[in-house]
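To keep things clear, I will list the structure first and then write my remarks on it.
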Amino acid sequence: MLPDKDGSGGCGGGQATSGEDPSVNLFREYLRLRTVHPEPDYDAALRFLDRIAEELGLPMKKIEVCPGRVVSIMTWQGTNPALKSILLNSHTDVVPVYQEHWKYDAFAAVKDAEGNIYARGTQDMKCVTIQYIQAIRRLKAEGRKCMRTIHLMFVPDEEVGGHKGMETFVKLPEFQKLNIGFALDEGLANPGEAFTVFYGERNPWWITVHCPGSPGHGSRFVENTAAEKLRSIINSFLDFREKEKHRLNTSECFTLGDVTTVNMTMVKGGVAYNVIPAEMDVSFDLRIPPTVNLQEFEEQIKKWCKEAGEGITYEFAQKHMNQNLTSTDDSDPWWKAFSTTLGSLKIMFQVFLKGIQVYENLVPALANVPTLPCDT
């Protein structure tokens, strides 16, 4: 859910519903596209983006990085295209929906009397996509020019790890040719007066632990069962989860990004009520801060597996190891442009339309950072 109130917005974006801001209308249109896993309608998203590129007068390049997985890039060329470019990145896919838990149809983009919009993807991250688009639309309508080229990139499959999206694309020459100097991506909405800035990212580890054991009939006390090992593994991971949650809740300076989140997401095993299974599996979603020693953390996992019993193995569906942080030093020209611009904005609530104003100020500030040593 995302509120759209407090202001009216800019130009363009198709035909608006009577009395509705065109930007809100465009946002709701995009939300209605069912780009939801496990079978996202990416063709609908591509048609939508084709139309937007034509409206903006921007060329759009499409790179099929894997069968059925297309990265789309709109490019607004700068006055000095040799300089490092600015990337505005967003993903088009959204996570699955449990419709029974929703107040409205998750793809109807219902707007209530208070201006709240209900739809899957309102915050993650279709709002940002439309905010990028509408900010660029306004800047072009004002006749603004930027020194640095600006790329708007729309990637698939982020919600399932990006293996057939960004992870593949960054290895291609087409990505290198973008010559990116600074990138903006998704974050979290903040209803208060402060701007929350994310300058690093926790590494997602999706791990499945395989617990083999002695099979047998359900009427017997069989020793060394898979379930006993599974219980030990679950206890180890969830005990650690409680410790991390306690650290977060008892620290005045910690935020979610400072702790490791652990969530058990899948359990598999068994064929019948009266048959003790020969193997049971459990899967976890871990998000590990860049301050954690990843090698030591994996050694801890190995220790939990060893303590649970013989023969236990694990495998990763996803294992990110990048612990780089964006500089927030006042001497960094990118950070200076970013922080100075945000600091000058007097926006009380970061609702949807106000977000467009943020990007309308932030994007040209970044795209006009003077020539840097990395540009030569």
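Any Cβ shown, glycine's included, is placed from N, Cα and C.
Positions annotated as region 'Disordered' by TrEMBL: 1-22.
A simple way to gauge crowding: the CB of H91 (Zn(2+) 1 binding site) has 24 other CB atoms within 10 angstroms, across all the protein chains here. Per TrEMBL, the feature Zn(2+) 1 binding site maps to H91, D124, E186.
Within its own chain, D93 (active site) has T35, V36, H37, P40, Y42, P156, D157, E158, E159, V160 as residues 6 or more apart in sequence whose C-beta sits under 8 angstroms from its own. According to TrEMBL, the active site annotation covers D93.
According to TrEMBL, the Zn(2+) 2 binding site annotation covers D124, E159. A 10 Å cutoff on Cβ-Cβ distances gives D124 (Zn(2+) 1 binding site) a total of 18 other Cβ atoms nearby, all chains included.
Annotation comment: TrEMBL describes E158 as active site, proton acceptor. Other Cβ atoms within 10 Å of the Cβ of E158 (active site, proton acceptor), summed over all protein chains shown, number 21.
The Zn(2+) 1 site is defined by H91, D124, E186, and by the 8 Å test on Cβ atoms against their centroid, the other residues of the chain that qualify are S90, M125, V128, E158, E159, D185. With respect to Cβ neighbours within 10 Å, the binding-site residues E159, E186 differ, and E186 shows the lowest count.
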